[in-house]
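Participant: The following block contains the structure, expressed as C-alpha coordinates.
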Amino acid sequence: APSPTTAVPYTSVKCIDVRKNHHKTKWLVPWGLNHCEKLKDFDEAVSRQIEANDIVFAVHVPLPGKEMSPWFQFMLFIMQLDIAFKMDNDLKENAEITLDVSLAYRDDMFGDWEEIAHAIEIRKLKCTFGSPKTVDSEGRHYDCDFLPFMEIGSVAHKYYLINIRLPVNERKGINVGIGEIKDIRLVGIHQNGGFTKVWFAMKTFLTPSILIIMVWYWRRITLMTRAPVLLEKVIFVLGISMTFINIPVEWFSIGFDWTWMLLFGDIRQGIFYAMLLSFWIIFCGEHMMDQNERNRLSGYWKQVGPIAVGSFCLFVFDMCERGVQLKNPFYSIWTTEVGTELAMAFIIVAGICLCLYFLFLCFMVFQVFRNISGKQSSLPAMSKARRLHYEGLIFRFKFLMLITLACAAMTVIFFIVSQVTEGHWKWGDITIQVNSAFFTGIYGMWNLYVFALMFLYAPSHKNYGEDQSNGDLGVNSGEELQLTTTITHVDGPTEVYKLSRKEAQE
(Lines of atoms letter the chains of each structure in order from A and count residues from 1; the text may use other names and numbers.)
(Lines give C-alpha, C1' and ligand atoms only; values in the text may rest on other atoms or scores of the structure.)
Protein backbone atom coordinates (compact mmCIF):
# COMPACT_ATOMS: atom_id res chain seq x y z
CA ALA A 1 0.00 0.00 0.00
CA PRO A 2 1.14 3.58 -0.51
CA SER A 3 1.95 5.66 2.58
CA PRO A 4 -1.15 6.30 4.74
CA THR A 5 -1.33 10.09 4.30
CA THR A 6 -0.27 12.86 1.93
CA ALA A 7 0.51 16.45 2.91
CA VAL A 8 -0.20 19.13 0.27
CA PRO A 9 1.03 22.73 0.79
CA TYR A 10 -1.28 25.62 -0.21
CA THR A 11 -0.45 29.33 -0.32
CA SER A 12 -3.42 31.64 0.15
CA VAL A 13 -4.26 34.30 -2.43
CA LYS A 14 -4.96 37.82 -1.14
CA CYS A 15 -8.34 38.88 -2.54
CA ILE A 16 -9.89 42.35 -2.34
CA ASP A 17 -13.39 42.20 -0.92
CA VAL A 18 -15.22 44.85 -2.92
CA ARG A 19 -18.68 43.74 -1.88
CA LYS A 20 -19.39 47.31 -0.84
CA ASN A 21 -19.35 47.96 -4.58
CA HIS A 22 -22.15 45.38 -5.13
CA HIS A 23 -19.94 42.33 -5.47
CA LYS A 24 -21.88 39.36 -6.89
CA THR A 25 -20.99 36.65 -4.34
CA LYS A 26 -19.83 36.45 -0.75
CA TRP A 27 -17.28 33.74 -1.68
CA LEU A 28 -13.93 34.88 -3.05
CA VAL A 29 -12.24 32.34 -5.36
CA PRO A 30 -8.45 32.54 -5.92
CA TRP A 31 -8.44 31.29 -9.54
CA GLY A 32 -10.70 29.96 -12.33
CA LEU A 33 -13.97 31.49 -13.48
CA ASN A 34 -15.17 34.56 -11.53
CA HIS A 35 -11.87 34.72 -9.64
CA CYS A 36 -11.37 37.59 -7.25
CA GLU A 37 -9.36 40.76 -7.75
CA LYS A 38 -5.93 39.93 -6.34
CA LEU A 39 -3.25 41.81 -4.44
CA LYS A 40 0.42 41.08 -5.00
CA ASP A 41 1.43 42.18 -1.51
CA PHE A 42 0.43 44.54 1.28
CA ASP A 43 2.54 47.40 -0.08
CA GLU A 44 0.12 47.50 -3.02
CA ALA A 45 -2.81 47.56 -0.55
CA VAL A 46 -1.25 50.56 1.24
CA SER A 47 -0.65 52.44 -2.01
CA ARG A 48 -4.25 51.75 -3.13
CA GLN A 49 -5.61 52.63 0.33
CA ILE A 50 -7.22 49.22 0.83
CA GLU A 51 -7.92 48.49 4.50
CA ALA A 52 -7.02 45.24 6.26
CA ASN A 53 -10.73 44.48 6.76
CA ASP A 54 -11.21 44.45 2.96
CA ILE A 55 -8.64 41.72 2.36
CA VAL A 56 -9.64 38.03 2.29
CA PHE A 57 -7.13 35.17 2.16
CA ALA A 58 -8.61 32.56 -0.21
CA VAL A 59 -7.51 28.92 -0.60
CA HIS A 60 -9.01 26.51 -3.13
CA VAL A 61 -8.70 22.79 -2.29
CA PRO A 62 -7.38 20.90 -4.22
CA LEU A 63 -4.82 22.57 -6.51
CA PRO A 64 -5.84 23.43 -10.12
CA GLY A 65 -6.61 20.43 -12.36
CA LYS A 66 -7.30 18.03 -9.47
CA GLU A 67 -10.37 16.76 -7.57
CA MET A 68 -10.91 15.57 -4.02
CA SER A 69 -12.36 12.08 -3.50
CA PRO A 70 -14.34 10.26 -0.76
CA TRP A 71 -11.47 7.73 -0.71
CA PHE A 72 -9.38 10.41 1.07
CA GLN A 73 -11.53 9.79 4.21
CA PHE A 74 -10.59 12.97 6.13
CA MET A 75 -8.91 16.36 5.75
CA LEU A 76 -6.70 17.98 8.38
CA PHE A 77 -5.37 21.50 7.81
CA ILE A 78 -2.44 23.15 9.58
CA MET A 79 -1.78 26.90 9.28
CA GLN A 80 1.56 28.67 9.09
CA LEU A 81 1.85 32.45 9.16
CA ASP A 82 4.64 34.40 7.48
CA ILE A 83 5.20 37.35 9.81
CA ALA A 84 7.86 39.98 9.03
CA PHE A 85 9.63 42.11 11.65
CA LYS A 86 9.03 45.87 11.59
CA MET A 87 10.17 48.35 14.21
CA ASP A 88 6.85 50.23 14.27
CA ASN A 89 4.70 47.05 14.12
CA ASP A 90 6.39 44.54 16.40
CA LEU A 91 4.90 41.22 17.47
CA LYS A 92 3.63 41.46 21.04
CA GLU A 93 4.46 38.78 23.59
CA ASN A 94 1.64 36.19 23.92
CA ALA A 95 -0.04 37.74 20.89
CA GLU A 96 -3.36 36.28 19.77
CA ILE A 97 -4.67 36.29 16.22
CA THR A 98 -8.41 36.36 15.53
CA LEU A 99 -9.52 34.53 12.38
CA ASP A 100 -12.92 34.92 10.72
CA VAL A 101 -13.02 31.65 8.72
CA SER A 102 -15.53 30.13 6.31
CA LEU A 103 -15.57 26.79 4.51
CA ALA A 104 -17.66 26.01 1.40
CA TYR A 105 -17.95 23.22 -1.18
CA ARG A 106 -19.19 22.52 -4.69
CA ASP A 107 -19.20 19.44 -6.92
CA ASP A 108 -18.53 21.06 -10.30
CA MET A 109 -16.49 24.00 -11.53
CA PHE A 110 -19.53 26.11 -12.44
CA GLY A 111 -21.92 25.58 -9.51
CA ASP A 112 -22.54 27.91 -6.57
CA TRP A 113 -20.54 27.51 -3.38
CA GLU A 114 -22.49 26.03 -0.44
CA GLU A 115 -21.39 26.91 3.08
CA ILE A 116 -20.30 24.06 5.38
CA ALA A 117 -19.09 26.03 8.39
CA HIS A 118 -18.29 29.54 9.59
CA ALA A 119 -16.50 30.45 12.82
CA ILE A 120 -14.48 33.14 14.55
CA GLU A 121 -11.43 31.45 16.07
CA ILE A 122 -8.57 32.72 18.24
CA ARG A 123 -5.09 31.19 17.94
CA LYS A 124 -2.05 31.94 20.12
CA LEU A 125 1.09 32.91 18.20
CA LYS A 126 4.30 31.23 19.33
CA CYS A 127 7.12 32.90 17.39
CA THR A 128 10.82 33.46 17.86
CA PHE A 129 13.15 35.94 16.14
CA GLY A 130 16.73 34.82 15.55
CA SER A 131 18.29 38.23 14.91
CA PRO A 132 18.53 41.33 17.12
CA LYS A 133 15.50 43.58 16.73
CA THR A 134 17.16 46.53 15.01
CA VAL A 135 16.45 48.57 11.88
CA ASP A 136 18.83 46.31 9.91
CA SER A 137 16.63 43.26 10.68
CA GLU A 138 13.44 44.83 9.26
CA GLY A 139 11.77 42.54 6.71
CA ARG A 140 13.17 39.34 8.17
CA HIS A 141 10.61 36.71 9.12
CA TYR A 142 9.78 35.33 12.54
CA ASP A 143 10.01 31.57 13.05
CA CYS A 144 6.46 30.64 14.04
CA ASP A 145 4.98 27.31 15.16
CA PHE A 146 2.31 25.56 13.13
CA LEU A 147 -1.24 26.35 14.23
CA PRO A 148 -4.03 23.73 14.14
CA PHE A 149 -6.59 25.08 11.68
CA MET A 150 -9.33 22.62 10.67
CA GLU A 151 -10.31 18.94 10.58
CA ILE A 152 -13.25 17.33 8.78
CA GLY A 153 -14.06 13.63 9.01
CA SER A 154 -15.24 13.03 5.45
CA VAL A 155 -14.31 14.23 1.96
CA ALA A 156 -17.69 13.95 0.26
CA HIS A 157 -17.24 16.78 -2.28
CA LYS A 158 -14.87 17.50 -5.14
CA TYR A 159 -13.93 21.13 -4.44
CA TYR A 160 -13.55 23.09 -1.22
CA LEU A 161 -12.99 26.80 -0.66
CA ILE A 162 -11.57 28.43 2.47
CA ASN A 163 -11.94 32.17 3.04
CA ILE A 164 -9.95 33.67 5.93
CA ARG A 165 -10.34 37.25 7.17
CA LEU A 166 -8.24 38.99 9.81
CA PRO A 167 -10.68 41.58 11.19
CA VAL A 168 -8.92 44.57 12.78
CA ASN A 169 -10.56 46.54 15.58
CA GLU A 170 -8.10 48.80 17.40
CA ARG A 171 -10.59 49.91 20.03
CA LYS A 172 -11.27 46.29 21.11
CA GLY A 173 -7.66 45.26 20.56
CA ILE A 174 -8.56 42.62 17.94
CA ASN A 175 -5.61 41.66 15.70
CA VAL A 176 -3.42 44.44 17.11
CA GLY A 177 0.24 43.75 17.84
CA ILE A 178 0.45 40.61 15.68
CA GLY A 179 3.32 41.91 13.53
CA GLU A 180 3.26 42.42 9.77
CA ILE A 181 1.59 39.35 8.24
CA LYS A 182 2.92 38.74 4.73
CA ASP A 183 1.24 35.44 3.87
CA ILE A 184 -0.98 32.69 5.21
CA ARG A 185 0.04 29.18 4.18
CA LEU A 186 -1.90 25.96 4.83
CA VAL A 187 -0.83 22.32 4.77
CA GLY A 188 -3.66 19.93 3.86
CA ILE A 189 -3.27 16.33 5.06
CA HIS A 190 -5.55 13.56 3.80
CA GLN A 191 -5.49 9.77 3.69
CA ASN A 192 -4.24 8.24 0.43
CA GLY A 193 -6.91 6.59 -1.71
CA GLY A 194 -4.66 3.59 -2.43
CA PHE A 195 -4.07 2.99 1.28
CA THR A 196 -7.84 3.30 1.94
CA LYS A 197 -8.57 0.57 -0.63
CA VAL A 198 -6.01 -1.81 0.90
CA TRP A 199 -7.40 -1.06 4.40
CA PHE A 200 -11.01 -1.70 3.29
CA ALA A 201 -9.98 -4.92 1.51
CA MET A 202 -8.26 -6.18 4.69
CA LYS A 203 -11.32 -5.43 6.82
CA THR A 204 -13.69 -7.06 4.32
CA PHE A 205 -11.54 -10.22 4.19
CA LEU A 206 -10.88 -10.49 7.95
CA THR A 207 -14.47 -9.92 9.18
CA PRO A 208 -15.86 -13.33 8.02
CA SER A 209 -12.66 -15.12 9.16
CA ILE A 210 -13.06 -13.98 12.77
CA LEU A 211 -16.86 -14.46 12.69
CA ILE A 212 -16.53 -18.09 11.52
CA ILE A 213 -13.94 -19.00 14.19
CA MET A 214 -16.07 -17.25 16.86
CA VAL A 215 -19.15 -19.33 15.97
CA TRP A 216 -17.04 -22.54 15.90
CA TYR A 217 -15.38 -21.66 19.23
CA TRP A 218 -18.62 -20.91 21.07
CA ARG A 219 -20.25 -24.05 19.66
CA ARG A 220 -17.38 -26.17 21.05
CA ILE A 221 -17.88 -24.56 24.49
CA THR A 222 -21.65 -25.11 24.51
CA LEU A 223 -21.10 -28.82 23.71
CA MET A 224 -19.42 -29.18 27.11
CA THR A 225 -21.46 -30.41 30.08
CA ARG A 226 -20.03 -27.67 32.31
CA ALA A 227 -20.58 -23.90 32.18
CA PRO A 228 -17.93 -21.79 30.34
CA VAL A 229 -15.11 -20.55 32.60
CA LEU A 230 -13.91 -16.96 32.94
CA LEU A 231 -11.01 -17.30 30.46
CA GLU A 232 -13.30 -18.79 27.78
CA LYS A 233 -15.81 -15.98 28.25
CA VAL A 234 -13.08 -13.31 28.08
CA ILE A 235 -11.66 -14.80 24.85
CA PHE A 236 -15.15 -14.76 23.34
CA VAL A 237 -15.68 -11.09 24.33
CA LEU A 238 -12.25 -10.27 22.83
CA GLY A 239 -13.46 -11.93 19.60
CA ILE A 240 -16.61 -9.76 19.66
CA SER A 241 -14.54 -6.56 20.11
CA MET A 242 -12.24 -7.67 17.24
CA THR A 243 -15.29 -8.25 15.02
CA PHE A 244 -16.63 -4.80 16.00
CA ILE A 245 -13.39 -3.13 14.87
CA ASN A 246 -13.29 -5.34 11.71
CA ILE A 247 -16.79 -4.71 10.33
CA PRO A 248 -16.10 -2.51 7.27
CA VAL A 249 -18.73 0.20 7.85
CA GLU A 250 -16.19 2.54 6.20
CA TRP A 251 -17.55 1.41 2.81
CA PHE A 252 -20.60 3.60 3.54
CA SER A 253 -18.34 6.67 3.90
CA ILE A 254 -17.68 6.46 0.12
CA GLY A 255 -21.36 7.11 -0.63
CA PHE A 256 -22.51 9.13 2.39
CA ASP A 257 -21.21 12.33 3.98
CA TRP A 258 -20.63 10.84 7.44
CA THR A 259 -18.38 13.31 9.25
CA TRP A 260 -18.58 11.28 12.47
CA MET A 261 -16.61 8.32 11.06
CA LEU A 262 -13.31 9.50 12.64
CA LEU A 263 -14.92 9.66 16.09
CA PHE A 264 -16.64 6.30 15.58
CA GLY A 265 -13.31 4.74 14.53
CA ASP A 266 -11.63 6.10 17.69
CA ILE A 267 -14.39 4.67 19.91
CA ARG A 268 -14.12 1.23 18.24
CA GLN A 269 -10.36 1.20 18.67
CA GLY A 270 -10.68 2.33 22.30
CA ILE A 271 -13.08 -0.53 23.14
CA PHE A 272 -10.70 -3.03 21.54
CA TYR A 273 -7.65 -1.62 23.38
CA ALA A 274 -9.48 -1.80 26.73
CA MET A 275 -10.60 -5.37 26.04
CA LEU A 276 -7.13 -6.50 24.88
CA LEU A 277 -5.34 -4.99 27.90
CA SER A 278 -7.89 -6.48 30.31
CA PHE A 279 -7.65 -9.87 28.60
CA TRP A 280 -3.86 -10.05 28.98
CA ILE A 281 -4.12 -9.39 32.74
CA ILE A 282 -6.82 -12.07 33.18
CA PHE A 283 -5.00 -14.48 30.83
CA CYS A 284 -1.78 -14.32 32.88
CA GLY A 285 -3.66 -14.26 36.20
CA GLU A 286 -5.63 -17.41 35.36
CA HIS A 287 -2.34 -19.20 34.62
CA MET A 288 -0.69 -18.14 37.88
CA MET A 289 -0.40 -21.53 39.45
CA ASP A 290 -0.48 -20.46 43.10
CA GLN A 291 -3.26 -17.91 42.87
CA ASN A 292 -6.36 -18.63 44.94
CA GLU A 293 -8.80 -16.10 43.46
CA ARG A 294 -9.49 -17.69 40.11
CA ASN A 295 -12.33 -17.98 37.62
CA ARG A 296 -13.96 -14.79 38.99
CA LEU A 297 -13.83 -11.36 37.38
CA SER A 298 -14.08 -9.71 40.82
CA GLY A 299 -10.58 -11.06 41.57
CA TYR A 300 -9.12 -8.72 38.93
CA TRP A 301 -10.79 -5.42 39.80
CA LYS A 302 -7.49 -3.84 40.92
CA GLN A 303 -5.94 -4.46 37.49
CA VAL A 304 -8.98 -4.03 35.23
CA GLY A 305 -10.33 -0.97 37.12
CA PRO A 306 -7.52 1.40 36.07
CA ILE A 307 -7.84 0.21 32.43
CA ALA A 308 -11.56 1.09 32.51
CA VAL A 309 -10.83 4.53 34.06
CA GLY A 310 -8.08 5.21 31.48
CA SER A 311 -10.38 4.21 28.61
CA PHE A 312 -13.09 6.52 29.92
CA CYS A 313 -10.58 9.43 30.12
CA LEU A 314 -9.52 8.71 26.51
CA PHE A 315 -13.18 8.80 25.46
CA VAL A 316 -13.79 12.15 27.22
CA PHE A 317 -10.62 13.61 25.65
CA ASP A 318 -11.72 12.45 22.20
CA MET A 319 -15.22 13.90 22.64
CA CYS A 320 -13.67 17.26 23.64
CA GLU A 321 -11.71 17.33 20.35
CA ARG A 322 -13.48 15.33 17.63
CA GLY A 323 -16.94 15.54 19.21
CA VAL A 324 -16.90 19.36 19.03
CA GLN A 325 -15.42 19.26 15.51
CA LEU A 326 -18.64 17.68 14.23
CA LYS A 327 -20.27 21.08 14.79
CA ASN A 328 -17.25 23.32 14.27
CA PRO A 329 -14.40 21.84 12.16
CA PHE A 330 -12.14 24.81 13.09
CA TYR A 331 -12.20 23.96 16.81
CA SER A 332 -9.09 22.49 18.42
CA ILE A 333 -8.31 21.63 22.03
CA TRP A 334 -4.69 22.66 21.29
CA THR A 335 -5.58 26.35 20.82
CA THR A 336 -5.75 27.29 24.51
CA GLU A 337 -2.96 27.07 27.08
CA VAL A 338 -5.05 24.89 29.40
CA GLY A 339 -6.19 22.67 26.50
CA THR A 340 -2.63 22.16 25.23
CA GLU A 341 -1.28 21.36 28.69
CA LEU A 342 -4.16 18.96 29.38
CA ALA A 343 -3.77 17.22 26.03
CA MET A 344 0.01 16.91 26.35
CA ALA A 345 -0.25 15.72 29.97
CA PHE A 346 -2.87 13.22 28.91
CA ILE A 347 -0.74 11.73 26.10
CA ILE A 348 2.38 11.59 28.34
CA VAL A 349 0.49 9.95 31.24
CA ALA A 350 -1.14 7.45 28.84
CA GLY A 351 2.28 6.56 27.41
CA ILE A 352 3.86 6.12 30.88
CA CYS A 353 0.91 4.00 32.11
CA LEU A 354 1.15 1.77 29.04
CA CYS A 355 4.88 1.22 29.57
CA LEU A 356 4.29 0.40 33.27
CA TYR A 357 1.47 -1.94 32.25
CA PHE A 358 3.82 -3.73 29.84
CA LEU A 359 6.47 -4.16 32.56
CA PHE A 360 3.81 -5.55 34.94
CA LEU A 361 2.68 -7.96 32.20
CA CYS A 362 6.30 -9.12 31.66
CA PHE A 363 6.57 -9.77 35.40
CA MET A 364 3.34 -11.84 35.39
CA VAL A 365 4.51 -13.87 32.37
CA PHE A 366 7.87 -14.47 34.10
CA GLN A 367 6.04 -15.82 37.18
CA VAL A 368 3.91 -18.13 35.04
CA PHE A 369 7.01 -19.47 33.24
CA ARG A 370 8.82 -20.02 36.54
CA ASN A 371 5.89 -21.98 37.96
CA ILE A 372 5.50 -24.14 34.86
CA SER A 373 9.25 -24.87 34.75
CA GLY A 374 9.05 -26.01 38.37
CA LYS A 375 6.28 -28.46 37.54
CA GLN A 376 8.11 -29.84 34.52
CA SER A 377 10.41 -31.77 36.85
CA SER A 378 7.58 -34.27 37.36
CA LEU A 379 7.38 -35.11 33.65
CA PRO A 380 10.16 -37.76 33.44
CA ALA A 381 8.27 -40.05 35.85
CA MET A 382 5.32 -40.35 33.43
CA SER A 383 4.68 -42.91 30.70
CA LYS A 384 5.94 -41.87 27.25
CA ALA A 385 2.47 -41.13 25.78
CA ARG A 386 1.44 -38.92 28.67
CA ARG A 387 4.83 -37.19 28.85
CA LEU A 388 4.67 -36.30 25.14
CA HIS A 389 1.11 -35.07 25.60
CA TYR A 390 2.10 -32.80 28.51
CA GLU A 391 5.26 -31.57 26.78
CA GLY A 392 3.21 -30.62 23.72
CA LEU A 393 0.70 -28.82 25.93
CA ILE A 394 3.40 -26.89 27.80
CA PHE A 395 5.23 -26.00 24.57
CA ARG A 396 2.02 -24.62 23.04
CA PHE A 397 1.32 -22.66 26.19
CA LYS A 398 4.83 -21.16 26.40
CA PHE A 399 4.72 -20.28 22.71
CA LEU A 400 1.38 -18.49 23.20
CA MET A 401 2.77 -16.59 26.20
CA LEU A 402 5.74 -15.33 24.16
CA ILE A 403 3.42 -14.34 21.28
CA THR A 404 1.29 -12.48 23.86
CA LEU A 405 4.32 -10.49 25.03
CA ALA A 406 5.34 -9.66 21.43
CA CYS A 407 1.78 -8.59 20.62
CA ALA A 408 1.64 -6.44 23.79
CA ALA A 409 4.98 -4.75 22.98
CA MET A 410 3.89 -3.94 19.40
CA THR A 411 0.51 -2.63 20.61
CA VAL A 412 2.15 -0.29 23.15
CA ILE A 413 4.59 1.00 20.49
CA PHE A 414 1.72 1.43 18.00
CA PHE A 415 -0.39 3.43 20.47
CA ILE A 416 2.46 5.80 21.42
CA VAL A 417 3.65 6.28 17.81
CA SER A 418 0.11 6.94 16.49
CA GLN A 419 -0.46 9.56 19.23
CA VAL A 420 2.83 11.29 18.39
CA THR A 421 2.16 11.14 14.62
CA GLU A 422 -1.30 12.65 15.06
CA GLY A 423 -0.01 15.28 17.44
CA HIS A 424 3.24 16.39 15.78
CA TRP A 425 1.44 18.81 13.45
CA LYS A 426 -0.21 20.34 16.49
CA TRP A 427 2.82 20.66 18.71
CA GLY A 428 5.79 21.25 16.51
CA ASP A 429 9.08 19.49 16.24
CA ILE A 430 8.58 15.74 16.67
CA THR A 431 8.10 14.01 13.32
CA ILE A 432 7.79 10.26 12.90
CA GLN A 433 7.37 8.77 9.43
CA VAL A 434 4.95 5.86 9.74
CA ASN A 435 4.49 3.71 6.66
CA SER A 436 1.44 1.68 5.76
CA ALA A 437 3.17 -1.64 6.60
CA PHE A 438 3.11 -0.60 10.27
CA PHE A 439 -0.66 0.03 10.30
CA THR A 440 -1.65 -3.03 8.26
CA GLY A 441 0.91 -5.20 10.11
CA ILE A 442 -0.36 -4.32 13.60
CA TYR A 443 -3.98 -4.73 12.47
CA GLY A 444 -3.25 -8.13 10.89
CA MET A 445 -1.32 -9.17 14.02
CA TRP A 446 -4.33 -8.47 16.26
CA ASN A 447 -6.60 -10.55 14.03
CA LEU A 448 -4.15 -13.45 13.87
CA TYR A 449 -3.66 -13.33 17.63
CA VAL A 450 -7.41 -13.45 18.38
CA PHE A 451 -7.84 -16.21 15.78
CA ALA A 452 -5.02 -18.26 17.35
CA LEU A 453 -6.42 -17.79 20.87
CA MET A 454 -9.85 -19.13 19.91
CA PHE A 455 -8.28 -21.97 17.94
CA LEU A 456 -5.95 -23.05 20.78
CA TYR A 457 -8.39 -22.53 23.64
CA ALA A 458 -11.44 -24.20 22.13
CA PRO A 459 -12.24 -27.32 24.23
CA SER A 460 -10.93 -30.48 22.58
CA HIS A 461 -13.06 -33.59 22.24
CA LYS A 462 -10.28 -36.14 21.77
CA ASN A 463 -10.43 -39.26 23.96
CA TYR A 464 -7.41 -40.72 25.67
CA GLY A 465 -7.57 -44.40 26.65
CA GLU A 466 -6.95 -45.91 30.09
CA ASP A 467 -3.40 -46.90 29.24
CA GLN A 468 -2.48 -43.30 28.58
CA SER A 469 -4.24 -41.62 31.44
CA ASN A 470 -4.28 -43.92 34.44
CA GLY A 471 -2.61 -42.93 37.66
CA ASP A 472 -3.55 -41.00 40.76
CA LEU A 473 -4.39 -37.85 38.82
CA GLY A 474 -7.88 -39.28 38.48
CA VAL A 475 -8.11 -38.64 34.74
CA ASN A 476 -11.13 -40.41 33.29
CA SER A 477 -10.83 -42.16 29.96
CA GLY A 478 -12.99 -39.76 27.92
CA GLU A 479 -11.78 -36.56 29.46
CA GLU A 480 -11.68 -33.47 27.31
CA LEU A 481 -8.22 -32.02 27.00
CA GLN A 482 -7.66 -28.34 26.51
CA LEU A 483 -5.25 -25.54 27.17
CA THR A 484 -7.42 -23.84 29.78
CA THR A 485 -6.35 -24.08 33.39
CA THR A 486 -9.29 -22.92 35.43
CA ILE A 487 -11.91 -25.66 35.22
CA THR A 488 -12.91 -27.29 38.49
CA HIS A 489 -16.42 -28.26 37.47
CA VAL A 490 -18.34 -31.36 36.45
CA ASP A 491 -15.89 -32.43 33.77
CA GLY A 492 -13.01 -32.31 36.19
CA PRO A 493 -9.90 -30.14 36.13
CA THR A 494 -7.91 -29.87 32.92
CA GLU A 495 -4.42 -31.12 32.25
CA VAL A 496 -2.29 -28.01 32.81
CA TYR A 497 -4.35 -27.12 35.86
CA LYS A 498 -3.73 -30.50 37.45
CA LEU A 499 -0.09 -30.39 36.51
CA SER A 500 0.18 -27.11 38.37
CA ARG A 501 -1.72 -28.27 41.46
CA LYS A 502 -0.38 -31.79 42.07
CA GLU A 503 2.75 -33.76 41.57
CA ALA A 504 1.96 -35.87 38.53
CA GLN A 505 3.08 -39.37 39.29
CA GLU A 506 2.51 -42.69 37.61
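Residue numbering: from 1, along the chain as shown.
Using N, Cα and C of the backbone, Cβ positions are placed for all residues, glycine too.
Pasting the feature list from TrEMBL:
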- 13-191: domain 'Wntless GOLD' (DOMAIN)
- 192-461: domain 'Wntless-like transmembrane' (DOMAIN)
- 198-218: transmembrane segment (TRANSMEM)
- 230-249: transmembrane segment (TRANSMEM)
- 261-283: transmembrane segment (TRANSMEM)
- 304-324: transmembrane segment (TRANSMEM)
- 344-372: transmembrane segment (TRANSMEM)
- 393-417: transmembrane segment (TRANSMEM)
- 437-458: transmembrane segment (TRANSMEM)
Participant: With pairs fewer than 6 apart in sequence excluded, do the transmembrane segment (437-458) and the transmembrane segment (230-249) have three or more C-beta pairs that lie under 8 Å?
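Facilitator: Checked: the transmembrane segment (230-249) vs the transmembrane segment (437-458), in contact.
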Participant: Please figure out which one of 198-218, 261-283, 393-417 racks up the most CB pairs under 8 Å against the transmembrane segment (437-458).
Facilitator: 198-218
Participant: Taking residues 6+ outside the transmembrane segment (261-283), which of them lie with a CB under 8 Å of any CB in it?
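Facilitator: Tertiary neighbours of the transmembrane segment (261-283) are 73-74, 151, 153-154, 230-231, 234-235, 237-238, 241-242, 244-245, 249-250, 253, 297, 300, 303-304, 307-308, 310-311, 314-315, 318-319, 322-323, 326, 357, 361, 364, 404, 408, 411, 415, 446.
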